[in-house]
């Protein structure tokens with residue numbers, strides 16, 4: 001056993017003495033040691049109950065002949081961190097989470113790992129850390145919350161509240177309606193109820209085979225979710241010493257491809273691109289951002305979920321057959337785009353896992369021949385504005401897929417919010433928010449507040465927004481993010497001026513500023529990088545080491 005390094009032989013008597021102080025007995029030193037990586041924190045609605053979930057898992061591990069050791073990672077709630085300097089810390093928290101998993105697991109030489117994530121950066125951070133450790137691993141998330149319901153009976157989610165801010169600013173809703181939306185949108189614990197980043201990543205864990213069926217869709221705080229926890233705990237005990245189930249044997253090139261197929265079919269958050277690039281790097285798997293358009297071109301968008309479709313939420317997807325039903329439909333209708341021989345954590349191939357899966361409600365999960373779109377719900381655009389690529393969630397577009405307009409430039413998200421409220425962004429404009437990339441922020445803030453303001457003010461179908469920052473999974477509209485190279489590293493987005501004409505063609509995968517090469521060269525000569533004070537030592541360290549979004553915004557020591 002890997003854990004023999006801390007428990008076997010007379011030289012390890014001091015180690016055992018400390019373990020005995022934790023309650024271990026003689027017989028425990030012959031059992032596998034299982035790390036239980038929790039992410040319990042009171043301030044995140046998807047995490048405040050995870051201490052109870054960890055108890056369920058630990059009890060089941062003990063019943064099945066292993067010894068659990070619970071430890072915790074940090075967590076940041078993107079919704080609460082939104083709209084102020086707290087958002088600078090969201091993406092960097094992913095690296096802290098990854099480092100903490102690696103540190104605890106390797107410092108104590110635990111044999112296997114079960115991770116309990118749920119929201120935002122916690123799932124990708126845990127995946128990255130687990131891949132570095134490379135022991136048998138299972139992910140079981142806390143689960144999505146139920147959708148909210150207003151007094152009028154309308155189903156809503158957190159994104160509805162952000163958009164209500166814009167509607168209230170524009171005097172389109174009353175104070176009473178505004179309050180009702182605020183108080184109704186998040187009715188229970190769990191990750192936010194739509195296909196936002198948290199649910200996207202928990203769904204992709206299922207698609208990659210590192211989580212059991214239902215991981216992405218079974219509601220939080222339900223008896224069904226508790227049984228999933230027990231099943232995951234039993235399974236980690238069964239495979240704790242089986243090298244076939246080391247996480248790098250599960251998250252392979254095939255698994256990563258399957259994740260991106262499901263991402264396209266379900267219109268996942270644009271953040272998944274950033275995270276899957278980082279996860280692939282830790283797995284030693286090649287994933288080039290340029291490959292994603294090929295996958296998108298081969299995969300129909302068959303499940304549309306809030307915020308893209310405000311009548312459908314994660315619990316609806318579960319009732320309609322879940323992620324397995326989506327994958328089964330894609331595999332039966334779209335050739336060999338899915339890698340059906342990929343190994344899952346149960347020991348089954350993906351094909352075996354899907355053999356009984358079927359769509360139970362075609363109004364929720366559509367057949368391929370009745371898809372929302374013949375291509376996937378994400379696209380990568382290239383052009384002189386994004387030579388290394390940028391990302392758009394095509395599933396969230398509500399207006400035209402081709403757009404031409406004059407730039408209105410802002411050098412920060414805060415500046416943009418003030419400008420939008422003052423009416424500086426008008427119908428037909430391209431709102432440009434720059435110096436918000438991984439280095440420029442630093443931290444690559446989410447632009448949910450600006451996009452939601454535009455939606456709430458009735459401009460969502462008539463304005464495009466481009467940024468070197470990123471978007472919440474709750475964003476909709478013609479919103480282009482992750483522009484690389486970013487402004488802080490000399491990207492063209494930093495050279496734009498108010499009035500410059502910008503063209504976006506989603507179906508042609510292009511984004512272009514209509515400037516001559518001579519004009520661009522002249523602007524580069526005149527360009528002076530704005531200086532931004534970064535008082536935080538951690539953020540300065542992050543700024544120095546982080547790559548741009550086209551590489552996953554990873555810390556790069558090379």
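Each Cβ is built from the backbone N, Cα and C atoms, and glycine gets one as well.
Residues or ranges marked as Mg(2+) binding site in Swiss-Prot: 78, 120, 121, 446. Within its own chain, residue 78 (Mg(2+) binding site) has 87, 90, 119, 120, 121, 197, 446, 472 as residues 6 or more apart in sequence whose C-beta sits under 8 angstroms from its own.
Cβ-based neighbour count (10 Å, all protein chains) for residue 119 ([2Fe-2S] cluster binding site) stands at 29. Annotation source Swiss-Prot lists [2Fe-2S] cluster binding site at 119, 192.
Under the heading N6-carboxylysine, Swiss-Prot lists 121, citing sequence analysis as support.
Just so you know, the Cβ of residue 472 (active site, proton acceptor) picks up 29 other Cβ atoms within 10 Å once every protein chain is counted. Taken from Swiss-Prot, the feature active site, proton acceptor covers 472, and the record attributes it to sequence analysis.
Under DSSP, residue 446 (Mg(2+) binding site) is assigned to a strand (E or B) in the three-state scheme.
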